[in-house]
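K.L.:
Below is one structure. I have some questions about it.
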Amino acid sequence: MSSDTTSNVHQDLSYVSTPNLLQKLDLYLPPHSIPATTETVYYPPVVVFIHGGAWRTGDKNQFIKLGQGLSHLGNCAVAIVNYRLTTKDTPEIKNPLHVKDVASAISWISLNANKYGYRDDRIYLVGNSVGAFISGQLILDPEYLNSHDPNLLAKIRGVIGIEGIYDLVNLLKSYPKYIEFVKPAFGADEIILKSVSPQYININSKIPPYLIIHSLEDELVGIDQSNNYFEHIKDSGAEIVEIETSLKGKHEEIVQTDELIQRIVEFIVIQESKEAGWSQFVESAMKAINFPIF
């Protein structure tokens, strides 16, 4: 483990007891966040970012700008999570190991909140591409988080999916060549592909506020994935669900834009402002993004 004190970053934190190199996360803390020793010290919410990469590539080090931007602009803690990948060298890593790794990371993040100085019960999931798929699995199928703590799912206070894959069956109908990364991670049985896709998972829990973001410039995943998932979440009883298509950028580019960072902060600010008490987080974040006070 190493720590960057100038930018308040803790790197390569292991979230399981016997990790491999990918079962680690980087934790970005707000500039003035200090682990608390008394109840009077302010604790911010925490964002958990789940990267994409077709279950076979991707790394937390690609999202330094996102971690720094959300922690500084949003005044919140940010955990960027790695998870084991399905590669030629690790063909044994298959679903559900990816989502189970992220569930373990979220459990660790909650358990270590006091140590690093953020709220353990104000967790926001943000995933791009297959990271959005994984966040959907976590929210719609309680078994992953419940295996760690039956109260953990209730600590998720918002979810943002960016350029998401949510339906493997329709994905392969639209892009048959994508079987090259779907089959190694899930197999090719359509019944199984449907059963693991968030688009078809039966709702067994209360759905937190949900924001689905999809750029119309995305060249790798069609807008139908997000449109259909929006309807699924809405029809499943979610009280708050939005779809945002105004942000610009190709599939990978959008995650590196300032506009996306601001939109994420806006979403969190709105949710946090509903808390009983006007928190320090909401005040400082609203000022940073010039968000109208209401």
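Each position is counted from 1, following the chain as shown.
Backbone N, Cα and C define each Cβ position, glycine as well.
Bear in mind that TrEMBL entries carry predicted annotations, made automatically and left uncurated.
Okay, so TrEMBL annotates it like this:
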type: ACT_SITE; residues: Ser129; note: active site, nucleophile
type: ACT_SITE; residues: Asp218; note: active site
type: ACT_SITE; residues: His251; note: active site
type: DOMAIN; residues: 25-229; note: domain 'BD-FAE-like'
type: MOTIF; residues: 51-55; note: motif 'HGGXW'
K.L.:
So, by DSSP, how many helix, strand and coil residues make up the motif 'HGGXW' (51-55)?
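P.N.:
Per DSSP, the residues of the motif 'HGGXW' (51-55) fall into 0 helix, 0 strand, 5 coil.
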K.L.:
Tell me, what is the mean pLDDT of the domain 'BD-FAE-like' (25-229)?
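P.N.:
Value for the domain 'BD-FAE-like' (25-229), mean pLDDT as a whole number: 94.
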K.L.:
Let me check the 10 A CB neighbour count of Ser129 (active site, nucleophile). How many other CB atoms are there?
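P.N.:
Looking across every protein chain shown, the total is 25.
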